[in-house]
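Student: Provided herewith is a single structure, encoded as structure tokens, for subsequent inquiry.
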Amino acid sequence: MTVRVRVAPSPTGDPHVGTAYMSLFNLAFARRHGGAFVLRIEDTDRSRYVADSEQQIFDSLRWLGLDWDEGPDKGGPYGPYRQSERLDTYRPYVDQLLASGHAYYCWCSPERLAAMREEQQRRRQPPGYDRLCYGKTREERARLGGFSERPVVRMLIPDDVPLTFPDLIRGQVSAPRPDDQVILKADGFPTYHFAVVVDDHLMAITHVVRGEEWISSTPKHLLLYDWLGWPRPQFAHMPLLRNPDKSKISKRKNPAARLLWFKEQGYLPEALRNFLALMGYSMPDGREVFSFDEMVAEFDWSRVNPVGPVFDVTKLDWLNGHYIRSLPVDDLAERLIPYLQEARLIGTPVTPREDALLRAAAPLVQERIAHLTEAAELLAFLLRPEEEFGIEPDAAQRVLGRDAAASLRAAIDALEPLADWTASAIHAALQAALVDGLGLKPRHAFTPVRVAITGRTVSPPLFESMELLGRDRSLARLRRAAAIADAGGADSAGVGPGSAVRTD
């Protein structure tokens, strides 16, 4: 048997992180057994359809490195891979169920169904269709109230419907009794529950890997397989990703539920893959950092934890920092480019000068960022045009008072004659002038210099930053900062909350 698995997202908005989570485990299982991973778009709910959502699904899964073997954009032997392009597929199977007595027409109007549900709630009865239409012809049903000219088709759930089934993750699973599920809507579109079974069978899906919220639907899905004379696939119901309050993670409550949010926030795809794997899987040796290929090599359903994991972004931040620190410098520089372009610190396209400067600067921030987005703030002093450089108001107020003037002047005097403009030479000159010469502690000696050079109290390594900034720009910034300090500091320069100390 060739393993075939699928994910089947709906294009109803921004892709959900759960789509990536399910894709990861489907793909890992398929790769472990040399099988195929299928992407199917379930777009029959036209009321919620969003035009560009399908492309976002493609782009976000590919960004995450979770590519598929067959799908709408690739084709394959079991296409088409959009449900809306398969509508002629479903009706013959509905007719087969009607003919065999496993389904029936229902002419109840939406108003009649709403009133029925309200009455069931009032009487504290289990919800479900009351079978008013079952066994009646259209004419017989039309004589009763709440009639609709446009019928739906419902499954006829037998009294002895099996409610247990084997699951690859959970063992033997019990589910609640289903009611008479609609399988064909009044507009002629199949419902999810019917289309998913037909499509999975016709696409030769051998294993259905999906979230635990579908456990309650599995008995009716299994009935459809049996009634249509099809072999059952095996099921694996994954634990749901949950918020810290244990509620299901949703885009309404948690921005991290949006798959695109992770790219926007500067997470690496390999870090997010690792994190999503940890949400449901443990490696045999207990390690937390592992690649997708390492996960595939060890993959076994017995290692999936059925308990819903809490989506802890703090752990993801730690993993992301680890992966950033592990990148080759040129790779890191390349990945920083779109975020620096978004911040308008480098151009599009990147100039040769910008490219060289970025590759030299990337090591300065590699140990200091947990997100790629954080590099823009740290490197702005280096990449921004000199006429746009400014000192943060808080840094100016706290550091560039009159007592900083002497150390800044001493720094200028020490650096002006320096022939070797390298980080080590800059460090030695400032150490001799400020620490040895003025008797200052290193923190007090170098902080005014840091603020003068970078505009911030927290920055990449100071001496390496000055080397990249260059002699002329470094000395010019020191002179401007010294002038601010000579004038009585930031207060004398008219700096207040929300303003900035310009150094031009």
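Glycine is treated like the rest: Cβ placed from N, Cα and C.
As the structure is a computational prediction, the values presented were derived from the model and not from experiment.
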Student: According to Swiss-Prot, which stretch among 9-19, 75-85 corresponds to the feature motif ''HIGH' region'?
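Tutor: Going through 9-19, 75-85 one by one, Swiss-Prot flags 9-19 as motif ''HIGH' region'.
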Student: Check each of the ranges 108-112, 178-182, 248-252, 453-457 against Swiss-Prot and return the one annotated as motif ''KMSKS' region'.
Tutor: 248-252
Student: Three states by DSSP: which one describes Lys251 (ATP binding site)?
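Tutor: The three-state answer is coil.
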Student: Neighbour count, 10 Å Cβ-Cβ cut-off, for Lys251 (ATP binding site): what number do you get?
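Tutor: The answer is 17 other Cβ atoms.
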